[in-house]
Amino acid sequence: MSHLEKAENGSEGVPSLVNAQQPLRVPSRRLGNPGPLGLFSFASTTLILSLYNTGVRGIDTPNVVVGMALFVGGLVQLLAGMWEFACGNTFGATAFSSYGGFWMSFATIYIPGSNITAAYANGPSAELDSALGIYLITWFAITFLLLIASLRRNMGLIALFFFLTITFMLLAISKFMDNAAVNKAGGGFGVVTALIAYYVGLAELLVRDESWLVLPLGVIAKRID
């Protein structure tokens, strides 16, 4: 073997120029499914606030949900949305990130240092309710759009966004009309929404190869062009 051949093959202690120029290959890792994390975070925060809205155990002040809304419904769900982008799931990323932002913004309203509610203290009594009604009806519109986007996914997600759409609509109406009964109805629909979100999250968590059972989600046939 010639010296040139020895150099090319990296033999006899001579480093190979070909091997030296090859990029370092890092083993790829499969990303986990962030769906259950986002759904459980959403469901837990929604359940707490919805129970408050129904007036369970005489609770009228929802401020205890602020911490939950900031860190579980807000931060954790936002992180789940970012990981859905990494997994290539645009729908999941949009939904989780949007509602993560919703919970953070909702919690900020009730933080005393934000002075948001204090700004309405000297105005008409109905002004704050009208402002909250517009806030909630905006999220009704966003949720309705996500409901449309979910129609070819599975029945679990369709049910989730359907009940969430109704929830936002009722809560907005309750603010516009100053009607406690409608607010309680919105809380009831919110409880149903939270339970559906728990079910969908558990269904995604129970992977067939790693669980003793699986939960059906009502898969809808994909389009064939």
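Just so it is clear, glycine is given a Cβ too, placed from its N, Cα and C backbone atoms.
Please treat TrEMBL annotations as automatic predictions, because they have not gone through curation.
The feature transmembrane segment is assigned by TrEMBL to 35-52 (among others).
For the transmembrane segment (64-83), same-chain residues at least 6 beyond its ends with a Cβ under 8 Å from one of its own Cβ atoms are 31, 34-35, 37-38, 41-42, 44-46, 48-49, 52, 92-104, 106-107, 110-111. Taken from TrEMBL, the feature transmembrane segment covers 64-83 (among others).
Among the features that TrEMBL reports, transmembrane segment is placed at 90-111 (among others).
Residues 91, 94-95, 98, 102, 109, 120, 158, 161-162, 164-165, 168-169, 171-173, 175-176 of the same chain sit 6 or more residues outside the transmembrane segment (131-149) yet have a Cβ under 8 Å from a Cβ within it. According to TrEMBL, the feature transmembrane segment maps to 131-149 (among others).
Look at TrEMBL and you will find 156-173 (among others) tagged as transmembrane segment. When Cβ-Cβ distances below 8 Å are used as the criterion, the transmembrane segment (156-173) is approached by residues 50, 53, 133-134, 136-137, 139-140, 143-144, 146-147, 150, 179, 182-183, 185-186, 189-190, 192-193, 196-197, 199-200, 203, 217-218 of the same chain, each at least six residues removed from its ends.
For 185-207 (among others), the entry in TrEMBL reads transmembrane segment.
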Spatial neighbours of the transmembrane segment (90-111) far in sequence, C-beta under 8 Å, 6+ residues away: 34-35, 38, 42, 45, 62-63, 65-67, 69-70, 73-82, 84, 117, 132, 139, 142, 146, 149-150, 153
